[in-house]
Ligand SMILES: Nc1ncnc2c1ncn2[C@@H]1O[C@H](COP(=O)(O)OP(=O)(O)O)[C@@H](O)[C@H]1O
Ligand SMILES: [Mg+2]
């Protein structure tokens, strides 16, 4: 075993060097978010009565509970302040862990860099071990800094420690999941997708468990385990053991998988392919379709299921509302139907962020194809640059449309069936889902522009997406100016389904998307193709 | 009749790196042209400029009578390019890639495709991720060679091929040469260039240092002589064109500029030659003299002429 680990230290240093900017930046954003919300929330609810009222409002609003989770002690300011961070915040922690671990295992194999170092003095488990050390180490640091940040913001020590440990445990679990996915999947992108799908599925299970029930569904999710630690609400430390035990088992399983496969290969053996290319595989659009149709189909199935779940919860939202404090809000929103619509609108808003992830990574393929020199032989044939890049842009627009369509279809069907009015609800709900597309396309356009103008910095697309997302999620908590929050295209998406539809913002978003895309494509035509 | 490739004073910089620094390159129609230089000399960069993937900073570049930057798409239908480092799509089979590249180029010869796959012993049903480096190279070679195009641009095409496949490649290229196909072959494998090329351009640090036929280049080079004479020789070191002379009794080892071979041989025969081994200059030696760490001619105070434009 020990010689399988030879070189771990060298790889670790190399990886830390490569991540010397990304890692501190992620950590800073997460810790600042946690401490910032704590500091901003504490002065909002000085009296016990105010806290209880705020908690009850949150706990009895299923969309909010589905999105983030429950407040387990309605009198605790810490529980109120951190509920969002134990939901959406924990997702970001999980995504960081996944990206980190896959980046230093499977993605490295894809580039052949590991083969290069692997042939010298690097043991077969060194890369995996180095990646896990980075994944776990980062989350230990995150846990400590977050704890300190919360204490500094004025929250109780025990709860702060529990919260820090909770985030750490989510990071641990998903670092281990990502490591296992990296062994099973055929390449880095597939490993990322697999781990993130697992994150999404378990999160939805938790959302159902916390709202419609049954409650045990919440225990299927590492994010759920973290919430069951109940920071600031009579900490239940034993929940930590579930996470740690899971992590240990997953890591052991990963090493067993790793011992069983070859570098560069997935676990599933390759079936032979076709000896001849299909007729459509003679154009860049054909190639894009051939390479990405399977991935899109998998995403679409996922979003269809998500839509079904959301539509199903939506139809129960009305019944669950028995809080007298909410009565006038409900009335203002247009009665029970209004609250259902508001729920669907909020969930479609969230779905549009995830669909944007698809759009952003779809455009980023242009850069990876260019950087790993797969674009070069294509662009040396009779294919124009515009034809090549335009095909991927077309695929991104088409794919995002399909995904929002799948979400809307699922939600409309489930909701319509529950109300016994599929004909009346389906079109309305589907339209509401599709109305989120223009904001998504602005993100797509922004990444095309980055790709054309600063190809080597195209990863900034993730920063843009994260920033827009955080503006929407944290802006109100942090009491940002409205104009700052309005920078995000998602702020201008129509809140549908709902009573009114204003076409102005839709056209504006489409126009911005078109301009960004055009800028990107024109710049791409004029610049060098660079590895 | 236009010159297929004509480059003069080409400059291309990447930030502070001057990758190409006034490069000249002419490839005549029907010629196999060797493009030689050590790693980092600028061969790939030159080919990328020729393909319109990179934009020249200055200088003129003509490809098949057109401008490679502006007329890229039209020109690309008339040529095939085989990159030096082939990356394939993990889940496309080799056969799919070959057909795709052929179609994008505007068609390929199906008979030739089948024949090349056979000769290169390539399994076209394997997926990109399971090919070795050599096999990936073969996929690109088959795709390039099976196309009926006017010009082949090959960038170190045999890197990763085993010796057997290298021989297949040479045979195939010799056939193309017979057919009169114009080929620009970038390489650092000198024996390959010696075996295949009509003319050679040698570059270093983005500049052309030599160009000409192999005979022309050899003419300017030295022959190494190892001779045993009847009696110890006198006054050899006074002769023009003599380098690295070592005399050990009656045994003489010496490098002679080919232009001065006559004088040296005459001097040897007057003493009486018992045995003599002479070696033609290999391209390796040419290469080493230009790119190795040997002191340059000027420093030695010799009058040797450098070949062609500096
Ligand atoms: N995209 C690039 N950015 C920066 N430097 C580059 C780039 N491409 C090539 N170079 C540099 O230009 C020089 C020539 O490289 P290249 O043309 O690849 O040489 P060769 O193919 O002869 O080995 C090298 O010094 C290389 O580092
Ligand atoms: Mg090269």
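Every residue, even glycine, has its Cβ placed from backbone N, Cα and C.
All annotation found in TrEMBL is predicted automatically rather than curated by experts.
Annotated transmembrane segment per TrEMBL: A:21-45 (among others), in sequence order. Sequence-distant neighbours of the transmembrane segment (A:21-45) (same chain, 6+ residues past either end, Cβ-Cβ under 8 Å): 51, 54, 77-78, 80-82, 84-85, 89, 92-93, 96, 100, 138, 141-142, 145-146, 149-150, 152-155, 163, 167, 466, 470, 474, 477-479.
Look at TrEMBL and you will find A:77-102 (among others) tagged as transmembrane segment.
Sequence-distant contacts of the transmembrane segment (A:122-155) (same chain, at least 6 residues past either end, Cβ-Cβ under 8 Å): 1, 3-12, 15-16, 19, 23, 27, 30-32, 34-36, 38-39, 42, 77-78, 81-82, 93, 96-97, 100-101, 103-105, 108-109, 114, 161, 163-165, 167-168, 170-172, 175-176, 178-179, 182, 232, 251, 254-255, 258-259, 263. The feature transmembrane segment is assigned by TrEMBL to A:122-155 (among others).
Residues 30, 34, 78, 82, 85-86, 89-90, 93-98, 100-102, 105-106, 128, 131-132, 135-136, 138-140, 142-148, 150, 188, 191-192, 194-195, 198-199, 222-223, 225-227, 229-232, 235, 237, 240, 243-244, 246-247, 250-251, 253-254, 257 of the same chain lie 6 or more positions beyond the ends of the transmembrane segment (A:161-182) yet place their CB under 8 Å from a CB of it. Residues or ranges marked as transmembrane segment in TrEMBL: A:161-182 (among others).
Away from its own ends, the transmembrane segment (A:194-217) comes close to residues 62, 65-67, 69-70, 91, 94-95, 98, 102, 174, 177-178, 181, 184-185, 223-224, 227, 298, 302, 306, 309, 312-313, 316, 320, 354 of its chain (Cβ-Cβ under 8 Å, at least six residues beyond either end). As annotated by TrEMBL, transmembrane segment applies to A:194-217 (among others).
The annotation transmembrane segment is assigned in TrEMBL to A:237-258 (among others).
Taken from TrEMBL, the feature transmembrane segment applies to A:296-314 (among others).
What TrEMBL records for A:342-360 (among others) is transmembrane segment.
Taken from TrEMBL, the feature transmembrane segment covers A:393-417 (among others). Residues 285, 288-289, 292, 296, 299-301, 303-312, 314-315, 340, 344, 347-348, 351-352, 355-356, 358-359, 362-363, 423-434, 436-437, 440-441, 444, 448, 517, 521 of the same chain lie 6+ residues outside the transmembrane segment (A:393-417) yet bring a C-beta within less than 8 angstroms of a C-beta in it.
If you look at the transmembrane segment (A:429-451), the same-chain residues 6 or more away from its ends with a CB under 8 A from one of its CBs are 307, 311, 344-345, 348-349, 351-352, 355-356, 359-360, 362-364, 366-367, 389, 393, 396-397, 400-401, 404-405, 407-409, 411-412, 415-416, 457-458, 460-461, 464-465, 468, 489-490, 492-494, 496-498, 501, 505-506, 509-510, 512-517, 519-521, 523-524. Under the heading transmembrane segment, TrEMBL lists A:429-451 (among others).
As annotated by TrEMBL, transmembrane segment applies to A:458-478 (among others).
Summarising the annotation, TrEMBL assigns transmembrane segment to A:503-524 (among others). When Cβ-Cβ distances below 8 Å are used as the criterion, the transmembrane segment (A:503-524) is approached by residues 385-386, 389-390, 393, 435, 438-439, 441-442, 444-453, 455, 489, 492-494 of the same chain, each at least six residues removed from its ends.
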Between the stretches A:77-102, A:237-258, A:296-314, which one has more Cβ pairs under 8 Å with the transmembrane segment (A:458-478) than any other? A:77-102
Contact set, same chain, for the transmembrane segment (A:77-102): CB under 8 Å, 6 or more residues outside the stretch: 19, 23, 26, 30, 33-34, 37-38, 41-42, 45, 51, 54-55, 58, 67-71, 131-132, 134-135, 138-139, 142, 150, 155-156, 159-160, 163, 166-167, 170-175, 177-179, 181-182, 188, 191-192, 195-196, 199, 203, 222-223, 226-227, 230-233, 466, 473-474, 477
